[in-house]
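Novice: Before we start, here is the structure in question, set down as structure tokens.
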Amino acid sequence: MAPPLAAPRFHAAPPRGLLLRPRKPLPTWRRAARPDDQDLYVDDDIGDGFSFSGGKYAEAEGPSKSDEWFAQGRMVKAHALYGNKEKAKDPFFGLTMGSGSQSSGDVFNWFCVEAGSSSNPTVLLIHGFPSQAYSYRNVLPVLSDKYRSIAFDWLGFGFSDKPQPKYGFDYTLDEYTSALESLIDAVAPDKLSIVVQGYFAPIVVKYAKEHQDKLNHLILVNPPAESNL
């Protein structure tokens, strides 16, 4: 009979003298785009770079990154709530939930950030799951010379409304597609190009199939396999 395996030993902290991985130099185009922005890179242990979570922003001194980002955007009303507009309640205790879990009115609020002249061709930057428009914070100024670039938070993410299921929005593929159509009609009534990341790609592909005459270009970044056109 083989001897029993010894339990592995875990360390709560790296041993003394362990060299941490050096920070990689920034690509030239990124340094040129935002030379004074120290937020162009993200260390593994200080946040994910796609949201305001993590110790990086929780412990940072000075102005809040969240407040600074919010100040750059605006709320756009698009896509009406369905149903009787009741206040969302906790599914276990039946208590009315806080304002962050309620819809803001009869039409949803979407947080949008825009850069570039309105006379330029429009490109809509759509974040993945889970993320928010903040992930495009360094792309927006790069595109702004030649494009009117718009990034937004999906319903349920970032600063946009976060309705509870069965209280105006159920987060289904069809609902998201319809909501996207409403938002695009509000922010880009003419033709546009769309860039979308990850697991929200199927929603955009469904929209594109139904509105091919609306699109100049469609770019899918790391989509799931079923998103193929």
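Using N, Cα and C of the backbone, Cβ positions are placed for all residues, glycine too.
Below are the features listed in TrEMBL for this protein:
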{"type": "DOMAIN", "residues": "121-224", "note": "domain 'AB hydrolase-1'"}
Novice: Can you tell me how the residues of the domain 'AB hydrolase-1' (121-224) break down into helix, strand and coil by DSSP?
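Specialist: Taking the domain 'AB hydrolase-1' (121-224) as a whole: 40 helix, 23 strand, 41 coil.
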Novice: Given the model, what does the mean pLDDT over the domain 'AB hydrolase-1' (121-224) come out as?
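Specialist: Across the residues of the domain 'AB hydrolase-1' (121-224) the model's pLDDT averages 91 on the 0 to 100 scale.
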